[in-house]
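Swiss-Prot lists D45, D49, H153, D157 with the feature Zn(2+) binding site, giving sequence analysis as the kind of evidence. What Swiss-Prot records for 24-44, 82-102, 114-134, 156-176, 178-198 is transmembrane segment, and it gives sequence analysis as the kind of evidence.
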Amino acid sequence: MNQSYGRLVSRAAIAATAMASALLLIKIFAWWYTGSVSILAALVDSLVDIAASLTNLLVVRYSLQPADEEHTFGHGKAESLAALAQSMFISGSALFLFLTGIQHLVRPEPLQAAGVGVVVTLIALVSTLALVTFQRWVVRKTQSQAVRADMLHYQSDVMMNGAILVALGLSWYGWHRADALFALGIGIYILYSALRMGYEAVQSLLDRALPDEERQDIITIVTAWPGIRGAHDLRTRQSGPTRFIQIHLEMEDNLPLVQAHVIADQVEQAILRRFPGSDVIIHQDPSSVVPAAQQGFFER
């Protein structure tokens, strides 16, 4: 799984870096030629895109390193650390755009050669849509947190490029403050996206449980298995591509140890079929020794 995961995520990061680098050069020329603060916003965002995508590429390769003596659970948390760092950089760029927008709102300046800005923005819009489509496919295949964060950022770029088109069109017809107003809006949206990304990264670092639907899938597998009288203490978390799942199964007091082991092993394999590559730990308890306070999500 890790080889396929690493290959797909690396391709997504390389594609994002290449596209952002090409668009950066185009936007530098367009900003110099038009003086548009909205294009400046897009230019700064492309710089952030390059940094984020390069970081994702390096971090994914590091996070896929096998566990060692000092990191017995692997290196998957590196993805969350990278996402947290990216959110800080993106917040700084959003603040810069916001302040620049205020400056141009107070002292608006007419745009030069707005048509060039429209062409550049259209190129950026089409390119970003293609990248987001590819990233969405990779996320569906890998569930990578790094690519999902990158995809959300590029989705905001699609919205930003659409807003820039509107701003340039309005400025063309004399609404010179529209450019600054849209820059302010873009800055606010980027800040919101950065804070959301940072929140998700912190939750991952704090070992937030798997989503409700995934935990429910685990419960469904366990409750359907014959020979299990109950279950409790379901604990889950995720680190990079790996899910960690722990659960206690309650069985008949007189069940032979070998048979209890076979049942637990069958349940483990069923969970792994649903969540390939997971780290599953199952503890078997005699049902009579489980205190009522510990009885969990079902009892037969």
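From the backbone N, Cα and C atoms, a Cβ is placed for every residue, glycine too.
The Zn(2+) site, placed at the center of the C-beta atoms of D45, D49, H153, D157, has further neighbours from the same chain whose C-beta lies within 8 angstroms: A20, S46, V48, A52, T128, Y154, S156, M160, I190. Cβ neighbours within 10 Å of D157 (Zn(2+) binding site), excluding its own Cβ and spanning all shown chains: 26. In this structure, of the binding-site residues D45, D49, the smallest number of CB atoms within 10 A of the CB marks D49. The number of other Cβ atoms within 10 Å of the Cβ belonging to H153 (Zn(2+) binding site), over all protein chains shown, comes to 24.
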